[in-house]
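Student: I have a structure I would like to understand better, so I am pasting it below and will then ask my questions one at a time.
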Amino acid sequence: MSQNQDISKKEQYNLNKLQKRLRRNVGEAIADFNMIEEGDRIMVCLSGGKDSYTMLEILRNLQQSAPVNFSLVAVNLDQKQPGFPEHILPEYLENLGVEYKIVEENTYGIVKEKIPEGKTTCSLCSRLRRGILYRTATELGATKIALGHHRDDILQTLFLNMFYGGKMKGMPPKLMSDDGKHIVIRPLAYCREKDIERFSEAKAFPIIPCNLCGSQPNLQRQVIADMLRDWDKRYPGRIETMFSAMQNVVPSHLSDINLFDFKGINHDSDVVDGGDLAFDREEIPLQPAGWQPEEDDNQLDELRLNVVEVK
């Protein structure tokens, strides 16, 4: 067998392995949050980026073996940004045989009129886009709206709110839309961005650049993203542990009087969630919570997360 054939077999093996992991992650998120139910019509929001392409591909894959029947309709919003390649998504979706709708709205013109040159346009653009997508979901009879945010997006939002907003608030895997009419789901909630990047490269999705509008990136989010990438590289398992923490919240050991009745504690109260452990040295597991080392991660024991002294 030639060297090229050996490489091809190895690449295919790695792709299959990666797809299985993404499929498992998406399947677990769907089950944990009851994202998809019998007869659902899922509107898959397709931007032309790696995340939404991956979401559509994995949902199509799961559709073949899911215990419930559901349909997919891909929707792209053409915001009339200069240089937007209008042919790419229709051609791609036609070849897949996926039902789709391209919505044309000149939100770019509205944003450029309202926002001064050089300022970030993302906030206004996002609000306009959200309203259009809600309207489109109603027109298409969609029961769920699927967005392509992944685990790293959720963690970034948590830290953004803590560092700059003074609140512990992330990005929910499932929620009721702003207009109170639509259920929004994030099937990639358990997926790592680096897995999505590798999958996207291997599948050679026709990526459409996200900065055609010329808007400046959100600098705060970029700082948080760089911080998380640095932690993931230097302390394997830290990202997984932090995401596990978001699923293991103990309100009685925080300080939000709206989540726990601190005023109601008296001499007749029971011990709640282990009482006061502030002065006890907890037993810290060697392996960070939620982390499973993988063959291709090349993670070293000496780089494991030191939970006692977080750097």
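Cβ coordinates come from backbone N, Cα and C, glycine included.
Look at Swiss-Prot and you will find 47-52 tagged as motif 'PP-loop motif', backed by sequence analysis. Among the features that Swiss-Prot reports, [4Fe-4S] cluster binding site is placed at CYS122, CYS125, CYS213, with the record citing sequence analysis.
Could you place these features in context, so I can see how deep they sit and what lies close by?
Tutor: When pLDDT is averaged over the motif 'PP-loop motif' (47-52), the result is 96.
Counting every protein chain shown, 20 other Cβ atoms lie within 10 Å of the Cβ of CYS125 ([4Fe-4S] cluster binding site).
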Student: Three states by DSSP: which one describes CYS125 ([4Fe-4S] cluster binding site)?
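Tutor: Looking at the DSSP assignment, CYS125 ([4Fe-4S] cluster binding site) belongs to a helix.
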Student: What are the helix, strand and coil residue counts for the motif 'PP-loop motif' (47-52) according to DSSP?
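Tutor: Summed over the motif 'PP-loop motif' (47-52), the classes give 3 helix, 0 strand, 3 coil.
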